[in-house]
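Annotated transmembrane segment per TrEMBL: A:21-42, A:62-81, A:102-125, A:175-192, A:235-257, A:306-325, A:331-354, A:374-394, A:406-432, A:453-479, A:485-505, in sequence order.
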Amino acid sequence: MVATLIRLKRDLTFNGFNQSVWHILGTIFAGLYGLGIVGMIFSLQVMEGGAAVIDAEFVRTASVLMGSAIFLLWLIIPVFVSGADTAMNPRQFITYGIPRRGLILGLALTGLISIGAVLTVIWLIGQVLHWRWDAAAAATAVTTLPLLLITFSLVSQAVTTSISAWLSGRRSRDFLAILALGLMVLLYPIMIGLESAFSSLADAVPTVVDILALTPLGAGAALPADAAAGDWGMFMIRLAILAATAALAVVVIRAALVKITERPTVQSSSGSKSDQGLGLFARFPATPWGAVAARASTYWLKDSRYGGTLVLLPAFVVLAVVMYSQLDAPWVLLALGPVFGWMLGFAISADISYDHSAFALHITSGVSGTADRVGRLVGLLSFGLPITLLSALIPAVMFTGPATTAALVGASVGLLLSTAGFSCLVSARFTYPVPKPGDGPLSQPSGSTGRLMIVQLGMLVATVALMLPEVILVIVWLISGDSWLGWALGIAAVLKGLGLVWIGVTLGARVFERSQPELFQTVSQY
Amino acid sequence: MDPVSVNPTALMPPALRLRGLTKRFGQTPAVQDLDLEVPRGSFYGFVGPNGAGKTTTLSMATGLMRPDAGTAEVVGIDVWAQPSEAKRSMGVLADGVLLFNKLTGAQLVTYAGLLRGMDRETVESRTADLLRVLGLEEAKGKLVQDYSAGMTKKIALASAMVHAPELLVLDEPFEAVDPVSARTIRGLLESYVGSGGTVILSSHVMDLVQRMCSHVGIIAEGRLLASGTLEEVRGGSDLETRFVELVGLEGGDQELAWLQL
């Protein structure tokens, strides 16, 4: 049974490569990226382990920190990738009646057929070399290698299976993903908090390492250090922690599998509130573009794939306020307006990809290119403009004079309009894969990395080029210091933004009408 | 029900005319040089095995897929030369296509109407009518993502009909639909055809096509094997027999020896 599952995973992996060149390129790229990082760590481990004077404390610190980070990755990655459609979703095995023990072991082992596992093995071998100056420590590192690897895999599988069992609802999955995203953004304030708790980050490290080494995160990686120090009491305690972690993971997987296979819940109709009115459709004009705008704004409110972007905004505000209070540098707050303008303008660059095959309705109703483009733009601006205005205006009024305020507000709004106008044009021709309707904001479609990065990078470069006039004006302003230049900058930025919107909509509409069927065929494949 | 066979509309261009329609995916031809005519006022059943090219043909007729060669005309207007004019006369239910399912049922139909440039009052009253006739009145405030398969087909049909088109192109309107919903859809389509509308629908349920349609076209491997009125095509026998004769059996009459319980 276990062998069958492993063969299945192998076949699924290789068949995935047949899908598209982008999938292969994406995998290679991700693999190389990971290999680069792990390679660097590996060479460090080898060098440190062979140094003339060995600082045992340093080796321990490095081991525990890296071990904890890798454990955390195994823990977190499934939260991001596990949608309804991971290759080895246990839900798919319900109908086969596979003995549970075989399924648990099989799933844990198939988790090892991945780039992540290969990279982890490299790190674990590096770990052995890192400790090679002490026989007992090196022996420990060798013997705990498979133990750690299987624990990582079990824990990762436990997360995947639990999500599938208890958090399969669309809402809870979105919530989880957005929570993880928010945490990532808030990592900096957390670090700052840690730093202020101790006098400096360097002072905090020994305490942090000692605590980590007593948690499942770092216990396994700290084992060689105990062996080297001859502290066999702690060694046994940490070994027990590691064993308990693995055991707990097995228990969790088991319980989750019982839930999935023996008490499968029917996807309930989330009991959404019945909304009798027409919502935003009653508020926008009763024209084709008004309808598109109403639909787009409705999606911004209801579809978590769009909402994911909006959730980032308050997280950024928190981040900026924390950074300001720490560094006493108002520029972080002043940067909010332009950053939001740029982010929001970009947000409609994937609009048609988000529609997926529902875009068919636009084609079969013969919506004009202008109505489609203007509608999506107005949908964004209806809330994007006030957000950008406020986020530029409030900090500017707090910290600067009228000229700078005018420049900042103008530049933010101009940036929003410029990128939005540019998105109107580009999104009519270049699409990239996005999560499917109904998926969470973070579930990346397979085989998308390559194309996604190329389109986004291209757009990034292009928007930077579009911002050149503003940059030149800012430089002139900073050099001459004339306050009227601030006003000129603000007005020029807005005018340029309006011009780009006009160009983006006009050209975008033409491109849209010419390439409708091709657009549809592409986005419905995502 | 006896559909109109000879009347003045025969002089007008047919509701749908496909000429030399061809589509290739890489090396595999999906549709080859396909000619098809759907007379006005007919209820046309477009049947064929899976993968025969039904969806590809209908996609090319509705502007969803660009043909490699050939033309498609709706009431005499070329779909690819004058798309917005042609699409005005046509309502489409595409198969395997998602709907904007974060909208409520009423919002979706309203959206379809407004996209067509209709005014708010007309859209509102027609939406209410359609939802009532299709038995979706109670569910009109629910999100489409929470609809059952049958309700989804019905709301998609409502979106395709809200602008009162002359031609309805329906790809698999009865797939995964329960008998009650199927009857509702059928009733609506029959009264639509009765009042002068034209329907072309694809299906692989022969029995259904035989009971509903006045005209039939059989497609296999991207070619039209037979077309005409139901009587002409089935020629005395029933449609399924004729269909299997034309398309051919697969696997013959072989039996699975180990499945004799």
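Placement of Cβ uses the backbone N, Cα and C atoms for every residue, glycine included.
Note that the coordinates shown come from a computational prediction; the quantities given were computed from them, not determined experimentally.
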Exercise for review: Would you kindly list the residues that approach the transmembrane segment (A:406-432) from elsewhere in its chain, counting only those six or more residues past its ends and only Cβ-Cβ distances under 8 Å?
Suggested key: 334, 337-338, 340-342, 344-353, 369, 373, 376-377, 380-381, 384-385, 388-389, 391-393, 396, 400, 448, 451-452, 455-456, 458-459, 462-463, 466-467, 470, 474, 477, 485-487, 489-498, 500-505, 507-509, 511-512, 515, 519, 522-523, 526
Check your understanding: Taking A:21-42, A:62-81, A:235-257, A:306-325, A:374-394 as candidates, which has the most Cβ pairs under 8 Å with the transmembrane segment (A:331-354)?
Key -> A:374-394
Study note, to complete from the structure: The answer for the transmembrane segment (A:374-394), taking Cβ pairs under 8 Å and residues 6+ beyond its ends, is 284, 288-297, 300, 313, 317, 336-338, 340-341, 344-345, 347-348, 351, 405, 408-409, 411-413, 415-416, 420-421, 424, 501, 505
